[in-house]
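Record features, source TrEMBL:
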BINDING   Glu74, Asp117, Leu119, Asp120, Asp247  Mg(2+) binding site
Amino acid sequence: SMTSPALLMRVVASAYSVAEKAATIVRNVMSAGDLGIVEKTGANDLQTKADRLVQMSICASLARKFPKLTIIGEEELSADEVTEELIEDGHCEEILKKTCPAQYTGIKEEELVIWVDPLDGTKEYTEGLLDHVTVLIGIAYGGKAIAGVINQPYYNYEAGAGAVLGRTIWGVLGIGAFGFQLTEVPAGKHVIVTTRSHSSTLVNDCISALNPDSVIRVGGAGNKIIQLIEGKASAYVFASPGCKKWDTCAPEAILHAVGGKITDIHGNSFQYNKEVKHMNSAGVLATLRNYDYYASRIPNTVKQSLVP
């Protein structure tokens with residue numbers, strides 16, 4: 001007899017469809033033309049109608065199917081009635097066909113924490129840098145990021161009229177990650193990807209000390225991890241507080257699923273249990289390969305400035 005797929009695989013399969021729905025909402029808000037921008041703490045900390053609608057859609061859709069999950073989203077929203085058209089009930093069949101890793105087969109709903117960034121790269125979204133934007137759904141168990149979904153609503157948007165817009169990348173530790181072509185930066189090349197809108201002396205001093213061949217400045221943590229797994233950059237370095245758990249959970253799971261590594265600037269791993277503080281106050285260091293090369297070159301002055 002067919003046993004039903006493990007809970008983890010059902011959650012990931014649903015998160016995949018929920019993320020695709022989210023991408024449609026993101027594109028619809030943009031094409032309707034009224035972004036409904038609100039400043040949260042300042043001009044670099046924005047929220048749009050898309051952030052609000054997408055978070056409602058993701059959280060309500062997953063909570064309806066899996067009522068005992070803990071779901072933590074970036075936006076503070078009043079629990080208004082979520083309209084039916086925001087609910088996504090589908091799932092990705094292909095994900096359900098994969099075998100759940102043995103260590104995750106017994107997981108119960110109440111043991112999972114879902115970290116949601118409804119629109120990572122909001123500032124870039126408002127400025128029309130649409131390829132920077134991602135929707136992030138991270139899945140944590142025992143405080144660790146074990147699965148994730150990253151949707152890029154505008155992937156391919158510069159490829160012309162016939163091109164398929166958007167893509168969904170997903171991964172589970174012990175299975176791998178899918179929806180992209182895993183590529184490494186050519187050997188010996190040191191390309192650093194870092195923040196576009198949250199630069200500082202510390203951020204720049206840290207990068208200079210690493211003596212890179214080149215530096216890419218882009219928005220969004222999801223987008224930066226994609227640069228690593230597609231071989232556009234060799235390290236993601238952000239020597240500053242500001243990154244939050246919902247920025248790193250999904251990207252971490254996908255990066256770790258393909259053998260990469262992400263930590264804070266001191267080399268501490270991130271914790272994702274529901275009680276944890278939301279801020280990654282000691283920055284981010286991530287690589288697909290050669291983590292130790294970069295970690296060993298972070299200046300002590302930088303480390304001393306960033307308290308975990």
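Placement of Cβ uses the backbone N, Cα and C atoms for every residue, glycine included.
Note: TrEMBL annotation is automatic and uncurated.
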Mg(2+) site shell beyond Glu74, Asp117, Leu119, Asp120, Asp247, criterion: Cβ within 8 Å of Cβ centroid: Asp51, Val116, Pro118, Gly121, Thr122, Thr134, Val135, Leu136, Gly220, Ala221, Gly222, Lys244, Trp246
Local Cβ density at Asp247 (Mg(2+) binding site) - other Cβ atoms counted within 10 Å: 27
Among Glu74, Asp117, Asp120, which are binding-site residues, the residue with the most C-beta atoms within 10 angstroms of its C-beta: Asp117
Cβ neighbours within the same chain of Leu119 (Mg(2+) binding site) - under 8 Å, at least six residues apart: Val26, Thr48, Ala50, Asp51, Val54, Tyr125, Val133, Val135
